[in-house]
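> Residues or ranges marked as active site, charge relay system by Swiss-Prot: Lys81, Ser156. Residues or ranges marked as active site, acyl-ester intermediate by Swiss-Prot on the basis of sequence analysis: Ser180.
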Amino acid sequence: MTDIIRSDAATLAAKIAIKEVSSTEITRACLDQIEATDETYHAFLHVAADEALAAAAAVDKQVAAGEPLPSALAGVPLALKDVFTTSDMPTTCGSKILEGWRSPYDATLTARLRAAGIPILGKTNMDEFAMGSSTENSAYGPTRNPWNLDRVPGGSGGGSAAALAAFQAPLAIGSDTGGSIRQPAALTATVGVKPTYGTVSRYGLVACASSLDQGGPCARTVLDTALLHQVIAGHDPRDSTSVDAEVPDVVGAARAGAVGDLRGVRVGVVRQLHGGEGYQPGVLASFEAAVEQLTALGAEVSEVDCPHFDHALAAYYLILPSEVSSNLARFDAMRYGLRVGDDGTRSAEEVMAMTRAAGFGPEVKRRIMIGTYALSAGYYDAYYNQAQKVRTLIARDLDAAYRSVDVLVSPTTPTTAFRLGEKVDDPLAMYLFDLCTLPLNLAGHCGMSVPSGLSPDDGLPVGLQIMAPALADDRLYRVGAAYEAARGPLLSAI
């Protein structure tokens, strides 16, 4: 079983195709690992053992009959962040207000996974409605980092990242609003990608901030992440923000990058994202070593200035709460989810107020209040409107940078994983943890976090963030795969 759960997805898929191992064996091994370890890590909110084994058996039947498999990852099981709707298991978004709720339909991303023959092991833990950087805001308890049980796995999608690091699944799906895929990947020594906004359908992705949210792939290698990216990306007419454009050849780029030649690739180091107050020395040392490695691979490295990045955090934490206050208005105790106080003696307004008070956690309430204030008649121009102007300037900074470089790089996070409870009572410190990742969400561009080693400060994982323009996701995979190959294998968490 150990060999199976520690294998990469591409290897497992190849073995399934030649009947060296069955999808059922792989899926059962993952389920056994979840059963043996998840009491410790709490990566999963719901485990769908019967459904996953049925999907695996269907792939095995196709293999036995000599039928062509539906995708390059057919039969390889996956952990799904509990923010994507699934018709056959609960979708809670880490919130009490949706406890036990089952969607009547699958998200487009979920449907594409099923069509690709990928068994879904279950739904992973997350910060409530994807609001947080540590997975401590989940109404169902925190997830622990497999590298150190006293540390957070990142957020909001810490469950998916922890499942990968704990060898509970070879593949995972996350969503990224301000770094929720990339940041947990950095803290757990896994690979996570935020695709270009609009290239992976948001239909059935329960909204946090609609102009920022983007589903994306997570795995333990760059190639596995590319293979999963290829499955989930593509135009969806049911999503009004979906981009009708050809999906870049991310798999081809990953395979080409693995050769380890970056000659002719121009890499920009973002001056605003590598140093200054709040950066851990070990993270900076790891980043500098990664830049040296890229140079050794033949890349042309230069420093790039993105002056408005200094205002990205302030703009983000006005735009995001504003969209949250609008999106979460739908949880009104009338149509679905929790209902409190409906005993026939209270008005609809009273029931709604009681339900939202009981169903939402402190961080969600905080962001609803901030957003409502920012959108109010007297303050809209002073706050929300100004934040949107800064957003435009950040996008222009990136556009200008890409006229002289092909990709940008930075640390994924300013520090390694912090201790559980360390930032719970200090929201600003928690928000600062997204400093390096959120500019890409504001601009709609794509980004990857790839492991860059362990910090000399505390021996915990550090991530290298690679950034590219919209619809140039293949550049991430070429550079990421080349760096991964040169870096060599890392020690595992367990």
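Glycine is treated like the rest: Cβ placed from N, Cα and C.
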> Let me check the 10 A CB neighbour count of Ser180 (active site, acyl-ester intermediate). How many other CB atoms are there?
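Around the Cβ of Ser180 (active site, acyl-ester intermediate), 37 other Cβ atoms lie within 10 Å.
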> Please work out which residue of Lys81, Ser156 has the most C-beta neighbours within 10 angstroms of its C-beta, and give that one of the active-site residues.
Ser156
> State the Cα to Cα distance, in Å, between Ser180 (active site, acyl-ester intermediate) and Lys81 (active site, charge relay system), rounded to an integer.
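It is 11 Å, counting Cα to Cα.
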> For Ser156 (active site, charge relay system) and Lys81 (active site, charge relay system), what Cα-Cα distance in Å is obtained after rounding to a whole number?
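Spelling it out, the Cα of Ser156 (active site, charge relay system) and the Cα of Lys81 (active site, charge relay system) are 10 Å apart.
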